[in-house]
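Scroll down for the structure; my scribbles are underneath it.
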Amino acid sequence: MTDEEVLSEFRASEALLEGHFMLSSGRHSGHYLQCARVLMNPERAGRLAMALAQKLPRELRGEIDVVVSPAMGGLIIGHEMGRALGKDAIFLERPDGEFHLRRGFRLEPGAKVLMVEDVVTTGLSSREAIEAVKREGGEVVAEVSLVDRSAGEADLGVPYYALVEINFPTFANGEVPEGLARIPVTKPGSRAK
């Protein structure tokens, strides 16, 4: 799947939003990718997951024991990656602000884990999720996401593969351009309060 084909899937599902958004990373942006919309169609979600699975080197695909994704954003694409790879897919939750496995999910000691996210911007959530997998006894061997918004700068400490790289400018508090600052802020991400 080419970058343009991926973006076409986002446009077709009205998943590319414009406005003033506070991202989960705490940074501001004039654009937001609502991956839940692009993944709401099971056929589209399956196509995207198959294309994402093909980004992984063959030897790495053979190494994976289980797919883990952080709730909420990673749930659907994580499940579809499990299907694409023929592996179980489980997820992490933040009941107290820190990621944990719940609902009877567990990892076998030393399990080789593929971490799956919808979007990576700074990599903070990914690093927290990877740390949670370590606490649970697993080893993250790679991470994948539908979208890399980090401009290739996210250091996750593991090999990282994205289906597409999209570089919308983001701004720290106090650095938001005047035109963007005039638009009311929406907090659509997983850390929205």
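Using the three backbone atoms N, Cα and C, a Cβ is placed for every residue, glycine included.
Copied from Swiss-Prot, the annotated features are:
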- Glu117, Asp118, Val119, Val120, Thr121, Thr122, Gly123, Leu124, Ser125: 5-phospho-alpha-D-ribose 1-diphosphate binding site (BINDING)
- Thr121, Arg149: orotate binding site (BINDING)
Review point. How many neighbouring Cβ atoms, not counting its own, are there within 10 Å of the Cβ of Gly123 (5-phospho-alpha-D-ribose 1-diphosphate binding site)?
Key: 21
Study note, to complete from the structure: Rounded to a whole number of Å, the separation of the Cα atoms of Ser125 (5-phospho-alpha-D-ribose 1-diphosphate binding site) and Arg149 (orotate binding site) comes to 13
Study note, to complete from the structure: Same-chain residues at least 6 positions away from Val119 (5-phospho-alpha-D-ribose 1-diphosphate binding site) with a Cβ under 8 Å from its Cβ, in sequence order, are Leu33, Cys35, Gly73, Ser145, Leu146, Val147, Asp148, Arg149
Practice item. Starting from the Cβ centroid of Glu117, Asp118, Val119, Val120, Thr121, Thr122, Gly123, Leu124, Ser125, the recorded 5-phospho-alpha-D-ribose 1-diphosphate site, name every other residue in that chain with its Cβ within 8 Å, sequence order please. Key: Ser24, Ser25, Ser126, Ser145, Arg149, Ser150, Ala154
